């Protein structure tokens, strides 16, 4: 420690000795002491580095309150006060048998705490337990807790609390915290990037499209992304406080880039939330992505919606009927079990009207390169503007190929066997086959494939190697194909697929770890053998050598033989 810190250490040690907070110790435990700056200007707090002690301490799992829940309790408040306890930890005594564990070493000797010390792992949760017990019946005086008057404030129109400004209007970002962001230096390492994102992420509920804004930084291409976050934080809106007696409205949307949700009540925004898609979610169909956005909103805002009436708005109409759909995949069934716990109604909200959630999910995905008006006179109520994006420009150059169904119908018209089937259908000799308006032959609800090897291969390749199916496997592919197509020996065609056979799932039990062979106890008890064949013939007609090696002594025998020998002749050797 520096000389001024040693002087402060001596003063605080004597002060804590006089107050009965510490006492001299002869404990076998010992942790180093250090100073940290307190909120009061120029004041220092004596702390102890208890990391080694915390590593062997059984953790107390008492829950700490969620910051959003604390804010929700202030709904309707107009006047605020805050009370800061004077050295709150020092007002709680430690059990006598645990006192030696709190020992700390200084230049002036070894001391141990009689009260809770800063730095102990279970102190915050136990202090939270004590505060909950005290304020349960509002019996502060009976528990003799002392507040520090200089850090208390009463009868305020707005108050700073946990990095936020609370007022009658709602919850806003603390300007002093925004100033820290503005003064943040350019991140140069991965650690600095995550440190900055941790600070900014604390206020993500105030920022639209937060996950999209930080995406370049999470990809370590953070140019300009930090300054966008600065601008968003300095212009963050005041979010409304919640009223649990009124229903909530949640607007959800999903795109190929992420999920976006907005929590609202009576037309006022409570919170925003968005996140990027995970790697496996990129392959989800649109229906599942939209449902994933709903599930994400329910999980994030469970403390708002569980037990309350909530209305979910989505621009995917099929989600409205998810609770009554008879057939669901395993993923949807799992999500449905979660959704059933909520008192909720799902409503269809067109994408044009769902602009907020839609922007949260798509903002980083679309970059307009040209805006061209299609009408000279634009009405004040609605302007017709065509936005051409890079993705749309690529679509203009695509040539649409015929679908497998169109290929099959065209091949049926040229196949003689199919012409014969048509004649029998017309004569009502083939009751199992039918013809549609286009003249295509169907077997019940399956399209009949003519005998054409090239066409059959095309049909197999589509569900086999397409980027939308990613090789589903022989069983699943057969089940999918037989629902849409029919030709003789379809199962045989699928089972003979070379790719299916080579990547077939292994259902055998996993093998164990390789184990070394035990050392033999006697000579020639365990042997190794091998055969050297294909050698030139000797005068006696031998063309191979049988090699036998003793594992213990490593001695070897080389026995000549002929490749025509049988088991009996090997035994005689």
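Glycine residues also receive a Cβ, built from the backbone N, Cα and C atoms like all the rest.
Per TrEMBL, the feature domain 'Reverse transcriptase' maps to 37-136. Confidence over the domain 'Reverse transcriptase' (37-136), given as mean pLDDT on the 0 to 100 scale, stands at 80.
Marked as domain 'Reverse transcriptase RNase H-like' by TrEMBL: 243-342.
Marked as domain 'Integrase zinc-binding' by TrEMBL: 454-505.
What TrEMBL records for 110-131 is transmembrane segment. Nonlocal intrachain contacts for the transmembrane segment (110-131), taken as residues 6+ away from its ends with a CB within less than 8 angstroms of a stretch CB, comprise 13, 17, 20-27, 30-31, 36, 45, 47-50, 53-54, 57, 59-65, 88-94, 99-100, 102-104.
Helix, strand and coil counts from DSSP across the domain 'Reverse transcriptase RNase H-like' (243-342) read 41 helix, 30 strand, 29 coil.
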